[in-house]
Amino acid sequence: MADGDVPEPTLQNIIDQPELKWIFVGGKGGVGKTTTSSSLAVALAERGGRNNVLIISTDPAHNLSDAFRQKFTKTPTLVNGFTNLFAMEVDPTLDLGDMEQLEWAQDSFLTDLAGSIPGIDEAMSFAEVMKQVQTMDYSTIVFDTAPTGHTLRLLNFPTILEKGLSKLVALKGAVGGMMGPMSRMLGVSGPEADNLPDQLLGKVEGMLDVVRKVSAQFRDPLLTTFVAVCIPEFLSLYETERLVQELAKFEIDCRNIVINQVIFPESVGSSRLLEARVRMQQKYLDQFYELYEDFHILRLPLLEEEVRGPEALRAFSQNLLQPYVPPAPQEEAGSSGREAALQAEVAALKRRVAELEAQLAGRQ
């Protein structure tokens, strides 16, 4: 984009960047993150030239299944009606039963050590998901994230893991010499006793390599970007500003903002309520454009119905790639509905005046 140019108000820049590996979609609760992420995944699968696209929901209150009208689990599933779009729903905060199935949790010693580091269990679960995803052949992975606070914690997991696992690796030097005698006291003898520290911490070091690789990719704007989703209201504006600032601290690229539930003046008709909402929304829209003048800001309309099912998502995804143009207001017999109502009211008043004049004339 040349200096002085206004960024295009679409998400076409994401479609045109085939190197993108990780795309996070997030924002305040109830602003349309799932609809936006699902529509973006559909656009990437159909128009982005990607071999395989995976959309992952990390929100404990999963909505992907509702959006696509198809049941998804923690295993990638092909979306009905597509050949290259897959979906899965995972919960980074695994319960105890799921935790025991993770590779790193098979050793009680390592689990106990990990449990002493705040947040490490949740972060390790996330790392396991990343490890699983990286072994699969997906060109692009779209994250339908939880509300802002959970998302920021999710994005901070690589840092938590790197610090926590580095501490565990550091313990290898401190207690490595003691582990052999301790193991023999516990009944482990021979070469196994001497190799126990390496066996346990070798898994940690392997996971640390994965975490460092993911962390580096998250900080590379060629590989990762974040799409902020919001609505034109004060709380959402405030939350978006906090999100953008935190993403800057994490060095994660964010250059696209989707503003959902916009009421366009052309669609107001005769509703005074909608007119008031338009004025209120315009105040916050102006602030968005002032704060993020170098962002791609996309406005999407408030719809009469939910966007559910593959075909509805296909149709809605077109709004991500070209500015939304509201339909012209419908007119009846050359007049708008409001004008027709006013004319009918005037005609009724004229008839009433004529009746009163006739009554007065009869009394005289």
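Cβ atoms here come from the backbone N, Cα and C positions, even for glycine.
Per TrEMBL, the feature active site maps to D59.
Sequence-distant neighbours of E233 (ATP binding site) (same chain, 6+ residues apart, CB-CB distance under 8 A): M280, Q281, Y284. Taken from TrEMBL, the feature ATP binding site applies to K28, G29, G30, V31, G32, K33, T34, T35, E233, N260.
TrEMBL lists 21-321 with the feature domain 'ArsA/GET3 Anion-transporting ATPase-like'.
In this structure, G30 is the one among the binding-site residues G30, G32 with the smallest number of other Cβ atoms inside 10 Å of its Cβ. Around the Cβ of T34 (ATP binding site), a 10 Å sphere holds 23 further Cβ atoms from the protein chains shown.
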